[in-house]
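Reviewing the structure listed below.
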Amino acid sequence: MKENAASRVVFILLLFLSVSLLNGQSPPEKPKLVKCRSPGKETFTCWWEPGADGGLPTNYTLTYHKEGETLIHECPDYKTGGPNSCYFSKKHTSIWKMYVITVNAINQMGISSSDPLYVHVTYIVEPEPPANLTLELKHPEDRKPYLWIKWSPPTMTDVKSGWFIIQYEIRLKPEKATDWETHFTLKQTQLKIFNLYPGQKYLVQIRCKPDHGYWSEWSPESSIQIPNDFPVKDTSMWIFVAILSAVICLIMVWAVALKGYSMVTCILPPVPGPKIKGFDVHLLEKGKSEELLRALESQDFPPTSDCEDLLMEFIEVDDCEDQQLMPRPSKEHTEQGVKPMHLDLDSDSGRGSCDSPSLLSEKCDEPQAHPSKFHTPEGPEKLENPETNLTCLQAPQSTSVEGKIPYFLANGPKSSTWPFPQPPSLYSPRYSYHNIADVCELALGMAGTTATSLDQTDQHALKASKTIETGREGKATKQRESEGCSSKPDQDTVWPRPQDKTPLISAKPLEYVEIHKVSQDGVLALFPKQNEKFGAPEASKEYSKVSRVTDSNILVLVPDPQAQNLTLLEEPAKKAPPALP
């Protein structure tokens, strides 16, 4: 019996449910919370939107609980905020707590709940619009007229205590315009508007926003009529500035046109060109560098090279002990075609290039149309072929015994530079000359001494002939002289007579030469310097002119008359030095 009663109850319920569904009744839809706003962080109000009620009367309730609590509370006031709202008074508002709010819809068919909304009172502040909006036209005597807008802060917002920082936005426009002109202010409750159009009616609205929260609603529109005689802009100053600028521009254009200058030249002057004396820009543009350098050299600039550079350009002349003591290659080796071994010469001294057999043979093969002449210091002449003489600085020396006049071979074979071995008694004292001036003075002294010794005794003539001759037969010597490798002096060459009391060879060693001066043409003037000075100081001659090159690798220099004249003018007169032997 009991089982039958239970089945009957279930059947009846299903019947009623089906009937209600056929009539359109159902549980309510889920409501939606719209927003919660607080006008001043002391109270707040929440609003929701109800869903479909399901054809039945539906009751809505708002429940909440604070973060960290389990106790659920219902809305304290459903009437203050209006329909579908809940108002939280100061008693139920806490600024330091997070609220979890839910809306429930209930009818006979069931219950529906909205999604929870998390609310913090500090971030939901939306103040009321500013109150007491006032518009007024001001006409001050010392300034332009303007529109003065004034308002009051929202009534429910405590601004005086500093609890809020309110920002205001004002917008205005002519009545018939569509775009608003906006202005922003901070903490101020008044604003001045200039540059209004006369005869227009302006509409003004204002709203506010706290530092953390939302903009309030716009206040109701306020309007004001601008009179027709309202000045718009004071353009007199701008007109004066424009006229003054135009006058200045006209004066500048007139000045430029009068002087014939272009505007670009006046504004951007050209870069000044080089102002070097004698510098021609056209030569540089045409690529004529030689003429340009010649023009620069013509100025009073100091010489670009010093004495060291000039000395490096000349060939070093010295007398090597090894060369003098080297034995002459035997006749047997010469006949067998074996060449004598040469010493390893210093490539930097200049002797290596002049001792080269190939270079000497090439120089000796060239015929000399006019052999070099050896003159006295009183009448030196210019070398006719200086390049050949300078190249063969190491050529041997020969002396004519028959005529008792010394002559010098400018070009000779390399094998003639090795003298015969002589006994120690026949060796003359060695000289410690190390430069051109010592060699020249020694050569001049030897020339005079040879002539004197030949006149006195035949024995000295025999020794001189043995020293100078190359060891070959007289026919070979004459043949070499006929081919142009020897240079003889002219018959009219006047030789100075040696002094009667001049010694044969001075045993006093000569030290390194002294550089007297370097002329502007690059001529190097030298004179010897001795270790010991006997007697009064002696004046030395300047040997700066090359006369010829002897066969014994001696460069013969003679005094330059022009250089001596200049020396006499520049320096005080000194006692003439004795003639070197």
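Cβ from N, Cα, C; glycine included.
Quantities reported herein were computed from a predicted structural model and do not represent experimental measurements.
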Check your understanding: For which of ASN132, ASN565 does Swiss-Prot record the feature N-linked glycosylation site?
Key -> ASN132
Check your understanding: Looking at 105-113, 195-203, 267-275, which one does Swiss-Prot call motif 'Box 1 motif'?
Key -> 267-275
Check your understanding: Of the residues ASN59, ASN389, which is given the N-linked glycosylation site tag by Swiss-Prot?
Key -> ASN59
Review point. Motif 'WSXWS motif' per Swiss-Prot sits at which of 155-159, 215-219, 545-549?
Key: 215-219
Point to revise | Nearest-integer angstrom distance between the alpha carbons (Cα) of ASN132 (N-linked glycosylation site) and ASN59 (N-linked glycosylation site) | key: 40
Practice item. Please work out the number of neighbouring Cβ atoms within 10 Å of the Cβ of ASN132 (N-linked glycosylation site), leaving out its own Cβ. Key: 11
Revision key, fill the gap. For ASN59 (N-linked glycosylation site), the nonlocal same-chain Cβ neighbours (under 8 Å, six or more residues apart) come out as ALA105, ILE106, ASN107
Point to revise | Mean of pLDDT values spanning the topological domain 'Extracellular' (25-237) | key: 88
